Amino acid sequence: MTLCRFKNLKFLGPNKYSEVPDGGWGWVVAVAFFLVEIFTYGTIKIFGIFLLDLKTEFKESNSRISWVVSIAVFVMTFNGPLASVMTNRFGYQFVVMIGGLLICSGTIATSFASSINQIYITYGFVAGLGYCLTFLPTVTILSKYFNRRRSLVVAVASIGESLSLFALAPAYSAVRDKIGWRHTMTLIGALQSIIVVCGALLRPVLIVPRESDSTDADKSSPKELEALQECGHVEGSNQESCLRKENEMIDSYGTTGVSDLKCLKDEKSPEENALLQKGGVKETERTPTVTSQENDNEKQGIKDCSKLLDFSILRECSFILYSLFGLFATLGFFAPPLYVIELSVSHGVERDRAAFMLSIIAVAEILGRFFIGWILSHRLFSGKKLLVLLVCVIIMTLDLVGFTLVKEFYGLAVCCALYGFFMGTISCTHIPLLAEDDVVGIERMTSAGGVYVFIQSFAGLAGPPLGGVLVDVTKNYGAAFYSCAIGMGLSALFLGLVRPAKKGMLCRRGCSKQSALDQQNKDSCEEQNGEQRQADAAAAH
């Protein structure tokens, strides 16, 4: 119980709202996420400006140097479940601040490295772990502050990553030319300490009903009253399922996670009493029958405080299919940033002109993030977000094939623009869309996000080396683009199956069994409730 009460170390107290605010302190969190994007993914993307310096300094090959970024990305994504566990255990603020310290110290330590193996440790493992503990909790808490505007806010805030590639890469390059790569790395590490401040601003959000002088039961929704009335009349084993309905109703008001609300329940907080009064049930007015069952339920709630990662999501076909989409989509991302310049040169484009391809990708990616944020926030697409994402993935697949077909500068520039645009649409939405009911929902997004990026990590580690092997074997840079197109095509297939799976059209046996069980419990409750009403009517006569 003590561990449960102290599991969230908060530097600024939680914000309490009567409903998802779609603003308020969420705008501060959005700015914090923007800065986190700059100094996490943005810094990883611009690490390439140091490759030549590291190669010259340590007399290493390109492949040995490129493993620095691969290790950092792998550690960042592979430890996604760890980030989820620590977030559920200690809270968003504490975890992100620790992550910021790891990033800062790892980057600064890199400037003192005397071999590439040391950089594998300082930047790959230390800073990579910091990236993991920073990015995922920040995007998760931002999603909980917004509902209708969620897609737009996350998309706009995530342009920090693209802005870093477009604006900070030239700036860091100029600084490196003046003071050297080691001092520049120290400067970047010092700037990354801003993440610690951003972490302190991630105040938890707690949804509680408005206080009212009038009878709250009159304002309760029919579903809430029905659930509470059923639980008041049911006896025996069916009472447990009815109590579960009450708990689900209470949990629906909170967006800080299941474990947070369970702990509030154990502590008998005023927020809990307000929630119970919302349903017309006061602490002193519960029936003895319900109380006896509630004691067992409270014991289960204490156990839930230690449930740091919800593995039940692995039993949902929709989540498994969505994770496979993320796995194969990651295989489709790496080729253009790594090989588009060499591909352009192999097609006869001058190297100086080919260097503009990366700038085209960066600008188009910013536009894509704005576009998808505006589209998904429109009411017309409120229930079709996965379909919009699927269209973007299909176009991306065709574009990757197009890289291998065009042979001149302007054709490659168009392909880069399309790649950057749809890269922006996909990269800023694939994690926030976990909060949609078609996937897992906002209540389990913390656990789902950790497992999702963990599955992605294997593609992030294997993708670049796989592309390198194909290029070496075929002596053709187009082979890497074909492999990416295949991966992106498979991701489109799995993404298209997510919504049918959620509706029970796939994995029919498991889904139907659970649905039948829930329906049986509901029918039993209704039957006994009807018998009780008949008995009351007979007694009245």
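For all residues, glycine too, the Cβ spot is worked out from N, Cα and C.
Features as listed in TrEMBL:
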TRANSMEM  25-52  transmembrane segment
DOMAIN    28-503  domain 'Major facilitator superfamily (MFS) profile'
TRANSMEM  64-82  transmembrane segment
TRANSMEM  94-113  transmembrane segment
TRANSMEM  119-140  transmembrane segment
TRANSMEM  152-172  transmembrane segment
TRANSMEM  184-202  transmembrane segment
REGION    272-298  region 'Disordered'
TRANSMEM  319-341  transmembrane segment
TRANSMEM  353-374  transmembrane segment
TRANSMEM  386-403  transmembrane segment
TRANSMEM  409-435  transmembrane segment
TRANSMEM  447-467  transmembrane segment
TRANSMEM  479-498  transmembrane segment
REGION    517-541  region 'Disordered'
With the cut-off at Cβ under 8 Å and a gap of six or more residues from its ends, the chain residues touching the transmembrane segment (386-403) are 325, 329, 332, 335-336, 340, 343, 372, 375-376, 411-412, 415, 418-419, 422-423, 425-426, 429-430, 433, 436, 438-439, 478, 481-482, 484-485, 488-489, 491-492, 495-496, 498-499
For the transmembrane segment (25-52), the distant same-chain contacts (Cβ-Cβ under 8 Å, at least six residues beyond its ends) come to 15, 62, 65-66, 68-69, 72-73, 96, 103, 107, 123, 131, 134-135, 138-139, 141-142, 145-146, 153-154, 156-165, 168-169, 172-173, 176, 181, 184-185, 188, 191-192, 194-195, 198-199, 201-203, 205, 337
Let me check one thing: do the transmembrane segment (447-467) and the transmembrane segment (353-374) come into contact, meaning three or more Cβ pairs under 8 Å with sequence separation of at least 6? no
Does the transmembrane segment (479-498) reach the transmembrane segment (152-172), going by 3 or more CB pairs under 8 Å (6 or more apart in sequence)? no
